[in-house]
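Here's the structure we're looking at; comments come further down.
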Amino acid sequence: MGEMKILNFLRKNYGVWLRILFYLWFFFGGFCQVTGLRPLRERYRSWGDEWLSTRKDENELGPFSAWNITGTFRGSWRFLDSKNSSSLFPDFKKSNGNSILELISTPTKITGVHYVQGVIIFHDVFDNEHGGAQIRVEGVYVWPFRQLRMVARSSKEGDFGQEDDYLLSNPYHLLGTFSSQIFQESPRDKIWKQKHSPIYEMEKHCNVEIAAQIYRVSSSTNDGDQDHYHLEGLMESPSVDDDGDCFSPMLLNATSINIEVYYNKAVNYTLMVTFVSFLQVLLLIRQMEHSNTQSGAAKVSILMIGQQGIIDAYLCLLHLTAGILVESLFNAFATAAFFKFVVFSIFEMRYLLAIWKASRPMTSGEGWEAMRRELSVLYSRFYGILLGGILIMYEFHKFLRPLLLLLHSFWIPQIVTNVIRDSRKPLHPHYILGMTVTRLAIPLYVFGCPQNFMRIEPDRSWCICLGIFMAVQALVLLLQHYLGSRWFIPRQILPEKYSYYRRFDQNGNHATDCVICMTAIDLTQRSNNCMVTPCDHFFHSGCLQRWMDIKMECPTCRRPLPPA
């Protein structure tokens, strides 16, 4: 405790006096048995009594090999005492949770001693209003003994130091912060910077002290060539007024993260997004070929294509922002953003324009000025909804998951359009199945993969709901394709539908030639081989069906035809 009190007294002026102190400390430690480097409270023996750990890798690195502990450590915390609330700060609601440590180790002129700065982030500490806490720490790391001693450091907002520079260049920290502010319910800045937060009051009345031991992770559990280290220690909070502890001792366990593996996860994710975007381009080309006529394009819902375009525009902005945020991953995220930009700005907007022109055949004949006004209205609505959606998601970020479910309901407008217009096969089955699967790839990775690089906790129930919701929409569309657009509506409530196979007087004077194929029609055969329009014109069944796929007009008199 004597060393910690001196450190706490000299933490703002650690210059010459701090160096002399540790020089004397190290000098006497080299000639006599060191017994002072122990946990702060000997009554807790979680990681051993003696400073000399039995788990040192002496055969591999030797007792005096310098380990660089600079990096990100991810782990957990828990109170050793089940009654984790204290008389000073009874705000703790949980006895355990997750933690993130960002440490920077800098060599000093004293051999064997490194100066350590960093930030410790505790999750699930307080209630729902204050869900996390961040504590800035500084101290020393005596690497010959694998001992880490740190105390809390109070700093003014805007006072950037070396650890801040490290945080601003660490992809794990940056991408984690970016994704948490987008996908989590409470932005981390609101949690940590509120002056009425319990951690803000705790810094005034408590001295936070941390004593930890560093171990090297064995090669069998290592994810790569980079060394992994495990940190295990005790965090205590003696009161400034010597009124006891502010809270019960807390046990910290954390393992360093291999940044190269983290990079590879991010790059593999961008490759997945690029591949999915490429598949979506192929599916869109297939669908555009399936509805390349005016009648076929008019059957497609413009809201369905517009909603998918808005989704791709949001994904493009998100990946571009992530690439700008982490400079080392800019190429990977910029590639994914570029493909999403191609999907929505070229193919989906082109298809959107084709559907709009097909649904307004009279506008194209009114001149360029009328078409330009209609186009300006179309684009202004699209980008207005795009910007409005960003504002809505920002204001209602706590309900982001229900909003994502709403965004993925893009098949519903097409289902409704099929029922209203009684459309025949507006979408290709490959397009329905392919788009359903590819649209599920990104949200299922973000909210379903337990090892995602965005540091988002998996939500299996939401993923199951999204999968079932999308599967039901796709199933209804496929059944509409094969069974008819109104297969699930009772016949009693359906309006009367014109029958092209109605009976006719075979003895009357009718034209016996089909004007489509210019061949004779045998009116003596069964009626399924002959179709009659409301204007009493006769055609072969196959000829008229192929004609109606192109135009819903009578080939003889150009009158509008009802749906078949």
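Cβ coordinates are placed from backbone N, Cα and C, and glycine is handled just like the others.
Not measured: the values here are computed from a predicted model.
According to TrEMBL, the domain 'RING-type' annotation covers 514-558.
TrEMBL lists 20-37 (among others) with the feature transmembrane segment.
What TrEMBL records for 266-285 (among others) is transmembrane segment.
As annotated by TrEMBL, transmembrane segment applies to 338-358 (among others).
The transmembrane segment annotation in TrEMBL covers 378-396 (among others). Sequence-remote contacts of a segment are chain residues at least 6 beyond its ends whose Cβ falls under 8 Å from one of its Cβ atoms, and for the transmembrane segment (378-396) they are 306, 309-310, 313-314, 349, 352-353, 356, 403.
Here TrEMBL flags 432-450 (among others) as transmembrane segment. Long-range Cβ contacts of the transmembrane segment (432-450) within its own chain (Cβ-Cβ under 8 Å, at least 6 residues beyond either end) map to 179, 183, 269, 272-273, 276, 279-280, 283, 308, 311, 315, 401, 404, 408, 410-411, 456, 458-460, 462-463, 466-467, 470-471, 473-474, 477-478, 481.
Taken from TrEMBL, the feature transmembrane segment applies to 462-483 (among others). Sequence-distant contacts of the transmembrane segment (462-483) (same chain, six or more residues past either end, CB-CB distance under 8 Å): 401, 404-405, 408-409, 411-412, 414-415, 418, 425, 427, 429, 432-433, 436, 439-440, 443-444, 447-448.
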Per DSSP, what is the helix/strand/coil residue tally across the domain 'RING-type' (514-558)?
11 helix, 10 strand, 24 coil
